[in-house]
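J.: What Swiss-Prot records for this protein is below:
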BINDING   G128, G129, G130, S131, N132, G217, T218, G219, E248, R252, D296  GTP binding site
MOD_RES   S143  phosphoserine
MOD_RES   T286  phosphothreonine
REGION    86-112  region 'Disordered'
Amino acid sequence: MATYVSPCFTPSDSRLLTVLRKNVLPENHLGRLNSIRTIDSKKNRVVVAAQKSESSPIRNSPRHYQSQAQDPFLNLHPEISMLRGEGTSTIVNPRKETSSGPVVEDFEEPSAPSNYNEARIKVIGVGGGGSNAVNRMIESEMSGVEFWIVNTDIQAMRMSPVLPDNRLQIGKELTRGLGAGGNPEIGMNAARESKEVIEEALYGSDMVFVTAGMGGGTGTGAAPVIAGIAKAMGILTVGIATTPFSFEGRRRTVQAQEGLASLRDNVDTLIVIPNDKLLTAVSQSTPVTEAFNLADDILRQGVRGISDIITIPGLVNVDFADVRAIMANAGSSLMGIGTATGKSRARDAALNAIQSPLLDIGIERATGIVWNITGGSDLTLFEVNAAAEVIYDLVDPTANLIFGAVVDPALSGQVSITLIATGFKRQEEGEGRTVQMVQADAASVGATRRPSSSFRESGSVEIPEFLKKKGSSRYPRV
């Protein structure tokens with residue numbers, strides 16, 4: 001906030017007030033200061049202070065502090081020292097007193113953001129499943145995004161590492177903090193009851209990820225409402241949801257499908273992660289808790305794969321507007337994740353991503369592709385090119401592609417690729433078919449799809465037939 005000096009203000013001391021390190025408007029003949037509106041370039045605010053005398057000692061010298069302590073004017077007006085950058089920003093105001101003594105005022109203002117052009121991204125975990133995914137993201141020290149959790153269960157929220165101010169309890173009157181009891185209608189009404197606080201939490205966002213586990217009460221019912229509020233505010237809204245394992249029961253499966261249909265209508269892009277698909281990624285001896293943790297980790301990788309492209313300065317710069325161009329109103333999307341090590345790690349990671357069990361249908365039909373390659377400091381341009389060849393040879397030549405490359409020293413010797421394929425909804429609607437029909441057709445032939453090589457115990461990578469039949473690459477070699 002800017003500090004203004006009234007034109008009728010007359011300083012009690014004979015010395016004139018001037019702005020530190022800035023030019024000041026001259027005083028009028030009555031000795032009154034004109035209004036001063038000078039912005040300090042470092043702190044982006046108006047500052048006012050006493051004019052330095054000609055014999056002013058050098059700042060930070062012992063003599064300087066000694067003269068300050070002996071100056072009655074500065075003792076009477078400590079705010080002048082604060083505005084000079086000397087001393088603390090806490091001021092005791094002798095003009096304001098209470099029964100307990102003088103009032104202590106803090107004149108320090110919040111500093112301006114270092115880069116006001118940075119896209120503000122928020123990840124909102126809704127319900128128990130969404131909150132668990134957010135908790136896992138925080139544990140992995142994921143940066144560049146702001147984490148929130150939304151729930152009707154106050155006890156579960158208290159166990160989260162999310163900042164207390166970013167824990168949003170909804171439906172206080174309806175649920176009294178006891179949860180939704182697995183009823184999506186209660187979750188939906190709880191979100192509607194708390195619409196104003198949800199809008200306040202979303203305010204100022206450029207992009208919002210709404211993550212939820214479908215099939216329960218709060219996530220299934222509240223996530224579509226929250227996503228709809230975000231989209232109505234003009235925020236790029238991406239939904240990432242998991243569907244329940246088959247062993248969780250038919251009731252949760254039916255509720256999950258209804259929740260997905262509602263969520264799809266309220267987001268720009270929806271990425272669905274079927275938990276049953278993850279069964280192909282684990283061994284038969286995998287504990288149940290580890291299987292659920294794997295689902296949370298897939299959610300984390302999906303969010304990070306997109307957000308890293310925007311927030312982390314990489315080898316290839318990608319603007320937020322580029323990502324918006326592909327993901328806005330994109331409809332249903334698919335995600336593939338691949339990781340590999342070894343001599344051909346980049347190409348293997350790309351193959352693993354396009355053969356991921358999370359991909360119900362091939363990415364050939366996508367109208368937009370967002371993909372990100374992350375490697376250690378030893379990642380080479382040749383490896384980036386090798387991964388790009390695999391992906392670019394497969395997708396439609398007219399598809400819009402966004403590519404990001406990020407160097408993470410923690411991934412030394414390893415390459416990870418996250419691929420988001422979008423635009424299936426628009427393409428299928430143009431052909432007079434629905435996304436659900438396409439997904440159903442893919443599910444009916446899903447048994448014939450070759451499982452991802454990244455999850456084979458042997459670790460070998462086999463080039464799929466559709467790549468063997470491809471001709472020369474459209475992507476230039478290094």
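From the backbone N, Cα and C atoms, a Cβ is placed for every residue, glycine too.
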J.: What's the number of neighbouring CB atoms sitting within 10 A of the CB on G128 (GTP binding site)?
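T.: There are 21 of them.
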J.: Judged by the number of other CB atoms within 10 angstroms, which among T218, T286 is the least packed of the recorded positions?
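T.: Each of the recorded positions T218, T286 was scored; lowest Cβ tally within 10 Å is T286.
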J.: Counting other Cβ atoms within 10 Å of each residue's Cβ, which of the recorded positions N132, S143 comes out lowest?
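T.: Comparing Cβ neighbours within 10 Å for the recorded positions N132, S143, S143 has the fewest.
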J.: If I take the alpha carbons of D296 (GTP binding site) and T286 (phosphothreonine), what is the distance between them in whole Å?
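T.: With the alpha carbons as reference points, the distance is 15 Å.
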J.: Does anything in the same chain, at least 6 positions from E248 (GTP binding site), have a Cβ under 8 Å from its Cβ, and if so what?
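T.: Non-local contacts for E248 (GTP binding site): G215.
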J.: Nearest by CA distance to T286 (phosphothreonine): which of the recorded positions is it, out of G128, G130, N132, S143, T218?
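T.: That would be N132, the closest of G128, G130, N132, S143, T218 to T286 (phosphothreonine).
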J.: Within 10 Å of each Cβ, count the other Cβ atoms and name the one among the binding-site residues G130, D296 with the highest count.
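T.: Per the Cβ count within 10 Å, the most buried is G130.
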J.: Looking at GTP and its recorded binding residues G128, G129, G130, S131, N132, G217, T218, G219, E248, R252, D296, figure out the farthest C-alpha pair and report it in angstrom, whole number.
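T.: The widest Cα-Cα gap among those binding residues is 19 Å.
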